[in-house]
Amino acid sequence: MPQSPRPVPSWALLLRLLALLRPPGLGEACSCAPAHPQQHVCHSALAIRAKISSEKVVPASTDPADPQKMIRYEIKQIKMFKGFEKVNDIQYIYTPFDSSLCGVKLEANSQKRYLLTGQILSDGKVFVHLCNYIEPWENLSFLQRESLNHHYHLNCGCQITTCYAVPCTISAPNECLWTDWLLERKLYGYQAQHYVCMKHVDGSCSWYQGRLPLRKEFVDIIQP
C-alpha cells in the first residue's frame, strides 16, 4: 500500500537543504529526477487546479540574518484533487525566489489556469518548486485531466520505471516501463499524456490507454 506523504519541514530549512544538495559548479542549475505525471501526483501531498492572482517577494524566515527570499503567490483555488485531509481552501503557495533553488515562475493576473502539485510544510504552508508537476491546465490531455480525479490516485501501488536506453526491462510485475525519453527524447511525450499505469486484480500493473474501454480486471480494482 502506498505511504502517505510525510510532513515537510519549514520552508527556511527546506531552502537550506536545496542549497546544500545543489551540485558544485551548477550555481544556476536546477536538477530534478524524471517522473511520470502519475508519480508526481502519487508522491505529492496535494494537487490542485488554480489561477494565480498576484505575487510578492517575502523573507524565507523571521531571522534578519537569513538572506533567502521566497515568492508568495496568491491563488484562486478552482478544484482540489488531492490533499483534502490536510488543507481546505488554499490562499497562498510559496516557491524559492532563486531559479537555482528550483523556484517556479508563474503568470499572475492572467486567465491562465495551472495544475499545481506540491508539499505541505510542517507549518501548514504549501511549497512548490520545479521538481513538482506544474503545468498550464490547457496543456493537459483529456486523460490527464480525468486521471487526476481517479486513476492516478488509485494506482499509486504501481511503479513506473524510466527507460533511457535499450535493453530496458521491468524487474517486478507491478512495474510499467516509461519510454517517452527513449522514443521521443522528451519526458512528457505521448505515453505521459495518454497512458496510466494501472493495477490488475493479481497485483501486476500495465499501461492503460485512456481512449480504450477499461478491461474487466481494471474495473474490478476500481469498482470493488
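Glycine is treated like the rest: Cβ placed from N, Cα and C.
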Of 30-33, 46-49, 114-117, 126-129, the range Swiss-Prot labels region 'Involved in metalloproteinase-binding': 30-33
Cross-link partner of CYS158 (disulfide, per Swiss-Prot) out of CYS42, CYS102, CYS205: CYS205
C-alpha spacing of CYS32 (disulfide bond) relative to CYS42 (disulfide bond), in angstrom: 16
Tally of residues which DSSP labels helix, strand or coil - the domain 'NTR' (30-156): 23 helix, 47 strand, 57 coil
Which disulfide-bonded residues sit within 10 Å of CYS205 (disulfide bond) - Cα, from CYS30, CYS32, CYS131, CYS176, CYS197: CYS176, CYS197
